[in-house]
Each structure stands twice: as structure tokens, then as C-alpha cells.
Amino acid sequence: MWRLPGRSALRGVRSVVERRSRAEAGTHEAVRAMERAVVRCVPSEPKLSLSFALADGSHKNMQRDQSEPLGRALSRIATNALKGHAKVAAAKKSRKNRAHSSGGAACEATGPEPVATCEPVVKLYYREEAVAEDVLNVDAWQDGAVLQIGDVKYKVERNPPTFTELQLPRYIMAGFPVCPKLGVEFGDPASSVFRWYKEVKPGAAEPGDSGPASSSHSSQPSAWIETGVDERVYTPCNADIGLRLRLHCTPGNGQRFGPSRELESLCPVEAGPGTCTFDHRHLYTKKVTEDSFIRTVSYNILADTYAQTEFSRTVLYPYCAPYALELDYRQNLIQKELTGYNADLICLQEVDRAVFSDSLVPALEAFGLEGVFRIKQHEGLATFYRKSKFRLLSQHDISFQEALKSDPLHKELLEKLALNPLAQEKVLQRSSVLQISVLQSTTDSSKKICVANTHLYWHPKGGYIRLIQMEVALVHIRHVSRDLYPGIPVIFCGDFNSTPSTGMYHFVISGSIAEDHEDWASNGEEERCSMPLSHCFKLKSACGEPAYTNYVGGFHGCLDYIFIDLNTLEVEQVIPLPSHEEVTTHQALPSVSHPSDHIALVCDLKWK
């Protein structure tokens with residue numbers, strides 16, 4: 001069972017919130033002493049919103065100018081209340097007429113229906129005194145005030161914690177964590193309360209065991225029972241297969257709670273794929289590392305924009321079951337794999353924008369990580385860091401071609417490249433980017449780290465382009481780690497599309513590359529752009545040189561690395577890669593048990 005740390009502070013209030021939440025979500029037979037009027041009022045917006053339910057059952061949402069006198073807002077509320085009474089009376093009369101026309105029993109009363117002919121009295125009270133009608137809305141609607149409409153009183157709640165977004169994944173599998181996408185205003189997910197229920201087929205549940213009432217679309221509503229999980233994340237078990245899930249949640253901010261909400265999964269829990277390639281790796285990463293260690297992950301997760309092409313299905317990955325290439329399926333595997341590493345830093349490549357915001361952020365945030373994103377064209381880079389260990393100080397992302405053209409740091413390199421216009425054109429056409437995040441330790445402010453993440457040009461004959469891109473990257477990293485933050489350690493992750501035998505890898509590890517290296521003519525003599533390059537870092541591949549980090553039907557090789565600065569960091573342990581038997585169980589990658597054509601690199605680093 002997946003559980004979140006740091007929840008003990010909420011235990012004391014959870015039972016109170018749950019009792020209130022159940023009352024709110026229960027049947028309408030229980031009448032509350034005072035209704036709720038929710039006011040949203042923020043200084044940056046000209047209007048405030050007011051939300052409440054009238055006695056006729058209708059729900060009113062009003063937008064009023066903050067600078068408007070209270071009297072006008074109260075007058076509008078009175079008008080709405082009068083309309084509500086009129087609708088109730090009209091509905092009663094319509095039902096009576098239908099009864100007469102269908103031969104139904106006559107009503108005992110023969111007189112006309114009573115209809116409200118005047119607006120109800122509407123007042124706003126604060127500390128038991130009526131608020132003057134010339135007071136502006138922004139000042140009148142205070143938290144704890146009481147709105148009275150006729151005989152009905154409403155407690156005013158100004159800016160309570162509120163869910164602005166609440167969504168469950170479309171595809172849910174047994175054994176894989178379910179992470180709802182949350183948006184909370186005036187609150188935070190960590191201070192909110194969650195309770196999970198699972199469906200029981202009609203006739204299979206005892207009435208006393210059911211949870212909140214269902215609003216199922218089926219002819220017979222489902223019954224619900226508690227799962228016993230009261231955390232943000234729920235991992236369904238095999239017994240849940242075929243059942244839908246329900247989440248009951250109450251937003252909070254550590255001081256108070258807002259209106260509860262419920263949502264149900266659209267589809268029932270599906271069976272999982274069984275053992276995945278990363279399950280054995282998780283045995284090495286059961287716990288978050290201590291403060292002196294930095295568990296780092298680098299992973300090309302295979303962008304959906306590439307996985308869903310006809311070329312991918314028929315040429316690149318014809319051995320992969322089509323459903324296993326679907327994003328909804330792969331997201332379950334990616335989320336489980338990443339959260340199971342308990343990493344402090346995660347650098348991802350080939351991240352679709354929607355995957356970042358709708359899948360990765362909700363999942364990793366629930367496990368204590370925060371992320372930043374850099375778009376390339378159709379996909380981009382994402383870096384996540386553990387909030388309990390690091391805070392983000394600054395970002396220094398660049399596009400290689402833009403930096404090469406406009407940044408004075410690369411003026412000399414551009415002049416050399418311009419000696420071969422054809423090569424220069426090819427380099428400047430590439431859209432590759434570099435993501436740099438400077439992080440500061442939350443426990444020792446003197447400890448900072450430069451985390452770089454990139455995905456270099458992919459073409460097999462693009463060796464010289466990757467050399468130029470790496471030179472731009474290292475110069476920019478030097479500027480950040482030596483000029484802006486002198487002496488901070490460097491971790492450089494990515495898919496470098498270069499095996500250990502290439503010029504790019506030799507350049508990084510040895511610190512220089514000669515102008516006569518064969519990679520300068522990787523696409524023929526007409527594009528040769530020979531030049532000597534060197535850099536000041538002492539870098540090492542933290543995970544060594546595995547036989548492969550990319551394994552597809554027509555190719556396998558080591559393309560991914562976590563480069564570290566040997567002067568400031570050392571490797572504590574490398575998490576073993578999946579065995580060759582695991583990788584080839586379904587011929588190659590991706591597969592039903594592995595979500596990408598790449599394999600994640602995972603290692604524990606240590607400050608020197």
C-alpha cells in the first residue's frame with residue numbers, strides 16, 4: 001500500500017472533518033442549523049463571487065463588483081429568492097393540474113396557491129450587528145458574517161479552501177497508484193483530507209456498510225464501502241478489479257477546511273500486467289535517502305507524440321501490443337516506476353506538456369516532489385526535486401540554437417561554425433534545449449547544486465551536431481556553476497544519443513576533443529566543421545557504461561547518462577538495471593511491462 005509521509009499532524013482533526021463531510025454528503029433528511037454562503041474575494045480581481053443554495057433547492061452563483069455598495073448585492077439576492085419562490089409555486093400548480101387532467105384525486109384545498117408577492121427581507125450581519133448597506137462589498141462580506149434571506153440564515157465563509165480542479169485518471173489498474181489531479185485555492189493538498197471507497201455490486205453489500213450515497217448512472221445505484229485508505233494516493237488490489245472507485249475529499253489549509261467534494265472513476269479497475277521490469281529495482285529504493293545523499297534518476301519516458309504514430313506502431317515497435325503504446329496505459333507504469341524509486345532528483349526527457357501537468361505533477365507531488373518543465377517543440381524536459389530536501393533557487397534554461405546565435409558566451413564557437421555554412425545551417429535548425437535548475441538544500445543553505453537536463457539531437461549521422469550542442473551546454477553550465485554560483489556541484493542528466501565510443505562521450509569524459517576526430521565529419525566531408533574543444537569540468541558517468549539504456553527491435557546501446565562533477569560528488573550506489581531476460585521477455589522495449597524504449601538510470605550520489 002502506498003502511503004504518504006508527514007500526515008500525522010492531520011490525524012487529530014480527521015475524525016471531525018469526516019463526521020462533517022459525511023453529514024454534508026448524506027441524505028437531505030438531516031437539516032443543518034445554518035447553511036453556508038461561500039465568498040471568493042481576492043485583491044487582484046475586480047469582482048467577488050458569492051455562492052449559496054436557496055430554500056427551493058436551487059444553487060445561486062453571483063458575481064458582484066467589489067466596489068459596489070452592499071445594498072445592491074442584497075437587493076439582487078432578494079430578487080433571486082423571490083424568483084425561486086415563484087418557481088416553486090408554479091411547479092406545485094403544474095403538478096396539481098396534471099393530476100386533475102389525468103383523473104387523479106382532487107385536492108382537498110380549493111383555494112388558490114399561495115404565491116410570494118413581495119421580496120423576502122435580506123440582511124447581512126457581522127458580530128450580531130447589521131452591516132450598513134453603503135459599505136462596499138469588499139469590506140462587507142467578512143468571514144464569519146451571517147447572511148439572512150427571509151427565515152433562512154447562512155454562515156459566510158470568505159475564501160475557504162476550495163478545490164478548483166479534481167480529476168481521477170481515466171485508466172486505473174490493480175497494483176498501480178491512483179493519483180488524483182488536484183487544484184486547491186486557499187489551501188494545499190497536504191492539509192486536505194481524503195477517504196477512498198470502492199464499489200460493491202448491487203445486492204452484494206449490507207446497507208449499513210455503504211459509504212456516501214451514489215449518483216450512479218445505472219438503473220440501480222451502486223453501494224460503496226470504505227477501503228480503509230485515507231491518503232491522497234490509493235493503490236487498488238486485485239480484489240478491486242471490475243469495481244469503480246470513489247474519492248471523498250475535503251480541502252484544507254492547516255487551519256480550516258472547505259466544502260467537501262466527491263468524484264467517481266469513469267471506468268472500473270483493470271487487471272495489471274503482472275511483474276514489470278522495474279519491480280525488482282524498487283527493492284533497492286524502498287526508502288527516501290538521508291540528507292547527505294541525492295538519489296538521482298534520468299529517464300527518457302517516450303513522448304506520446306512519438307509513440308502514437310503509424311511509423312512507431314508498424315516499424316519502430318511492431319512487437320509491442322497496441323494497447324501498451326496507449327498513453328493511458330503507459331502513464332500507470334511510468335507513475336508507479338518513478339514513485340517507487342523514492343528519488344530526490346528526477347530528470348525526464350520526451351515529456352509531453354499534458355503528461356507533465358495532468359499526470360506527472362499530480363503523481364509526483366503526492367509523493368513529495370515538485371517539478372519544472374521546459375518545452376522543446378512537441379515535447380520537452382522535466383526536472384523534479386524532493387521538496388523536503390531542496391528548494392528551487394533559479395532556472396537558466398536555453399535553446400541551443402538561440403544561445404549559439406545570440407549569447408556572447410558562444411561568440412567564438414559561432415564564428416568557427418560559420419566557416420562551414422552548411423554545417424552551421426544544420427546546427428541552427430535543431431530545436432534541442434537545455435534545462436538548468438539551481439537547487440538549495442533545505443537543511444544546509446550553504447549547499448547548492450546545479451542540475452542540468454537535456455536531450456541531444458537524435459540522428460545517427462548527427463555526431464558533429466551533438467558535439468556543438470554539448471559545447472554550448474558545458475559553457476552555459478560553467479557560467480551558472482562558476483560565475484553565478486561559484487563552486488557548486490554539477491549533475492548533468494539526459495538522453496545524449498551517443499554511445500561510449502562516440503566523440504561526444506569522449507569529449508565529456510576526457511575534457512577535450514581534437515579537431516581531427518572522425519565525428520566532425522559524421523555526415524560527410526561537405527559538412528565537416530573541425531575544431532578543437534575543451535572544458536574545465538572533471539566529469540564521470542555515475543552509472544558507468546551499461547551495455548544498453550535503449551533497447552528496440554533494430555538497435556540497442558547506451559545513450560543515457562548521469563554525469564557528475566568528481567570534485568564535489570561521489571557515487572554511493574548504482575541501482576541495477578533490469579536483467580537482459582526481463583528486458584527481452586516481450587522481445588524488446590517498450591512492452592506491456594515497460595513503458596518506454598529507454599531504461600531509467602538510478603543512482604545514489606553523495607556530497608563530498
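Note that Cβ sites are derived from N, Cα and C of the backbone, with glycine treated the same way.
As stated in Swiss-Prot, the feature region 'Disordered' covers range 90-111 out of the listed 46-67, 90-111, 574-595. When secondary structure is read from DSSP and collapsed to three states, ASP495 (active site, proton donor/acceptor) falls in the strand class.
GLU350 (Mg(2+) 1 binding site) sits 9 Å from ASP495 (active site, proton donor/acceptor), taking the CA atoms of both as reference points.
Listed in sequence order, SER298, ASN300, GLN349, GLU350, THR454, HIS455, LEU456, LEU559, ASP560, HIS598 are the same-chain residues six or more apart from ASP495 (active site, proton donor/acceptor) with CB atoms under 8 A from its CB. Cβ contacts within 10 Å of ASN497 (Mg(2+) 2 binding site), excluding its own Cβ and spanning all protein chains shown: 24. In the three-state DSSP scheme, GLU350 (Mg(2+) 1 binding site) is classed as strand.
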